[in-house]
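Below: one structure, written as structure tokens.
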Amino acid sequence: MSLPRLCDCSPVSQGYSDDDDDDDVSPRLCDCSPVSQGYIQSQVTLKVTEGNSTCIKAELSASFSITYNTANGTRTVMVPLPGSAVVGVASSCGGDGRSPSLVALFGDGHALGLSFSSNVSLYSVANLTLQYNLSDVSTFPEANSTDVVTVETTSVGMVARVNTTYRCISASPVIVGGATVTFSNVTMEAYMTGDDLSPNESVCTADQSFTTVPPPSPSTTTAPPPPPSTTTAAPTPVPTPPGTPNQGSYSVSNSNGTVCLLARMALQLNISHFSASQNKTIQEVVNLQPNQTTSSGSCDPTSATLVLTQGSATNLSFLFTLNTTSNRYHLTGLSVVAAWSDMTAPFNTSNSSLDYLRGSLGRSYMCSSEQTLSVDQNFSLNTFHLQVQPFGITRGQFAQAEECQLDQDSMLIPIVVGAALAGLVLIVLIAYLIGRKRSHAGYQTI
């Protein structure tokens, strides 16, 4: 059974290509957003059971945006998770060293897998796996391969408190390899203690709305003023700025152990969230600590993923894509999952339509200056002393660097100032020589 393909979302079919100018606003022939394609309307119910007990239950909608190679370039299709999806035999409640997992099978050899992990207070989707079969010609027309492709990511962003149901009605994209999985209308629980979802919920960041208490309505009677007090409330402590973060070195290797991505950078996270201690929304700035951070990821011919994990508190994922026509790469996606001590609920967000850190194939991208990578209104990432190369690495070392515009500008300023000073000195010297010559001309030989 093949998947319904409601719209071909490839650049060519839409009347534009990857090498178009950024300001090209030619009309698209088809709206390729998940909502317009009707992909997030139907909801699928999936259960994993062991004996008479249910350990995982998920009610969700999902759509998949998948880019694949054809003889004439690349094409992108969007397909839904159909209502006919079934729970595969690889699903498990865990035990014997295995993690609980839910595997949904659909279409002609396609699968979506979610595996879970837990600590004392939280559980999360620790790994997402997407498998798609390129020999399914009705879903992937003109594919130049018949392979079954498997991509995975550990940066999913679904985190909930133990014994609660994870709920997220908003559309939540997850970048996985060269594909994007968009979830919506999700209610899900793992490590269940009953046969149905818990009535207690952990609501995702996108669904949370923080409101302030309205002022009391005016009254015709006025209460007497309170008696003076000799005590003064302690002021709310102001967080100390974390300072410039330390630089860390990270790498990703492919299946044969060859390094395929290199990165050196110092990172600082800026997250707006509701503070439990201050009872209001605050902006918290936290440095990523390289000595507490591990790196992982994956590399494909046209995409590369770097995942940085700092303990159980912070997970940061970068997606780079390569344009094979121009041989240029850039940072396409950035996502974060944070469970910091002052948060009332785990924070997660992502953006898969970014355009940062542009470089050429076979070269690294370098920027020593501070950059701010804005992801959305609640999250941005500051980078310092950055050098990254996601493609074309040889001998496990960075290639020649292409410097960012900020660094070029910082070098240009002293050159301009120096040239201006040299010009000023030259003008003064010429004026002095002319004045001296005129003063000598006033004396005649007797």
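Note that Cβ sites are derived from N, Cα and C of the backbone, with glycine treated the same way.
As annotated by TrEMBL, disulfide bond applies to Cys168-Cys204 (among others). Here Cys168 (disulfide bond) comes close to Met158, Phe183, Ser184, Val186, Val203, Cys204, Ala206, Asp207: these same-chain residues lie at least six apart in sequence, with C-beta atoms under 8 angstroms from its C-beta.
The annotation region 'Disordered' is assigned in TrEMBL to 197-251.
According to TrEMBL, the compositional bias 'Polar residues' annotation covers 199-210.
What TrEMBL lists as compositional bias 'Pro residues' is 213-229.
Residues or ranges marked as domain 'Lysosome-associated membrane glycoprotein 2-like luminal' by TrEMBL: 245-393.
Neighbours of Cys404 (disulfide bond), defined as other CB atoms within 10 A of its CB across all chains, total 21. According to TrEMBL, the feature disulfide bond maps to Cys367-Cys404 (among others).
Per TrEMBL, the feature transmembrane segment maps to 411-434.
Feature annotation from TrEMBL assigns domain 'Lysosome-associated membrane glycoprotein 2-like transmembrane' to 413-444.
With DSSP classes pooled into helix, strand and coil, the tally for the domain 'Lysosome-associated membrane glycoprotein 2-like luminal' (245-393) is 3 helix, 99 strand, 47 coil. Within its own chain, the compositional bias 'Polar residues' (199-210) is flanked in space by residues 157-161, 163-172, 186, 273-274, 280-281, 345-349, 378, which lie at least six positions past its ends and keep a Cβ under 8 Å from the stretch.
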